[in-house]
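Features of the protein shown, as given by TrEMBL:
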type: TRANSMEM; residues: 26-48; note: transmembrane segment
type: DOMAIN; residues: 39-344; note: domain 'G-protein coupled receptors family 1 profile'
type: TRANSMEM; residues: 60-83; note: transmembrane segment
type: TRANSMEM; residues: 95-121; note: transmembrane segment
type: TRANSMEM; residues: 142-164; note: transmembrane segment
type: TRANSMEM; residues: 193-216; note: transmembrane segment
type: TRANSMEM; residues: 292-316; note: transmembrane segment
type: TRANSMEM; residues: 328-347; note: transmembrane segment
Amino acid sequence: MANTSALGESSPSSHTYASAASAVKLASLGLITGVSLLGNASLSLLLMKDSSLRKAPYYFLLDLCLADVVRSAVCFPFVMAAIGGGGGGGSAWPYSALCCKIVAFMSVLFCFHVAFLLFCVSVTRYMAIAHHRFYYKQMNRCTCAAVICMVWTLSVAMAFPPVFDVGTYKFVREEGQCTFEHRYVKANDTLGFMLMLAVIVGTTHVVYVKMLCFVYDHRKMKPAHPVPAISQNWTFHGPGATGQAAANWIAGFGHGPTPPTLVGIRQSSHPGNRRLLVLDEFKMEKRIGKMYYMITLAFLVLWAPYISACYLRIFVRGAPVPQLYLSAAVWMSFAQAGANPIISFLFNKELRVRLRACFPSCLGTQTPMEPYCVI
């Protein structure tokens, strides 16, 4: 009788705990969905509305935002429906198997899309710092469109084969979502699937480290010591003649074509405030690179717990992953969809300035910004 009473008391307690856990999951996922839709939609509208932001780095950022909007609007509601329809605090898939396979395909597609795109962005950031002449010449709108199309093609190629494997895309009750079922290494091809994701993320960080080393090496370069030129009736001769002619041209004394030392150097469009913009643009490229690296780091941090759980199930047959850890890892991967706009505005001053300029009624007075031009 005592044992029966104890069991009778524990059952309502566990049921209450499961119901509270489901409520927390629904509330947190609803918050993530709202932040993701609001943040990504706002940033997308800003990037499309402001003509000064129509350049290579922001085309990739726009693609990231639009992909996160679709992921939040299409995939997350099905997860919430599965949690709400489980009954007793669990989760259950209330729709057809075909619908589950489609949702799982889209979830995996968006995961690999972010990974591939961040790798391509890291390569372009390195080109902008180390080979800026080639970058500004080749990274036009058509090149960006080609890179984005290539990324989507690779993502579809990674996410589509499991559609034909029986039982690979299915509803995983412990995770509360339809996704790739990660099983033991000899059960399916999940090892190659996860290795590809790890290699992409790792290679992306290698490119950023290479870019950081390049910047550090060029910080140690010694400044050149100019040699004064000899003046004869405003005609300069000697080693410093070219530099002196450039100085005269900047000051307004020179006429005709641009001196050789100024080829490739951009100037302010205001004739009364002529100055070299090379250092400012280099700092801007570094800020954009820092923004994208923080987005890449956030992707790694938010997906790492889930990827670790997947590798545990791959190499250890019947590995017992704690339910609390698995739920937290899955929800952290969901949170990645709403992290990009927050990181972008925090680490990119240009976006904050343009946001105030495009929405002066909501964010204060408009702040004038010097135009950015490429020669």
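Indices start at 1 and increase along the chain as displayed.
Placement of Cβ uses the backbone N, Cα and C atoms for every residue, glycine included.
Note that TrEMBL annotation is computational and uncurated.
Computed over the domain 'G-protein coupled receptors family 1 profile' (39-344), the whole-number mean pLDDT of the model equals 81. In summary, the transmembrane segment (142-164) lies against the transmembrane segment (60-83): three or more C-beta pairs, each 6 or more positions apart in sequence, are under 8 Å.
Between the transmembrane segment (292-316) and the transmembrane segment (26-48), fewer than three CB pairs separated by 6 or more residues in sequence fall under 8 Å, so the two stretches do not touch. Outside the transmembrane segment (328-347) by six or more residues, the chain places 25, 28-29, 32-33, 35-36, 39-40, 42-43, 61, 64-65, 68, 71-72, 76, 79, 111, 114, 175-177, 287, 290-291, 294-295, 298-299, 302-303, 305-306, 308-309, 355 with a CB less than 8 A from a CB of the stretch.
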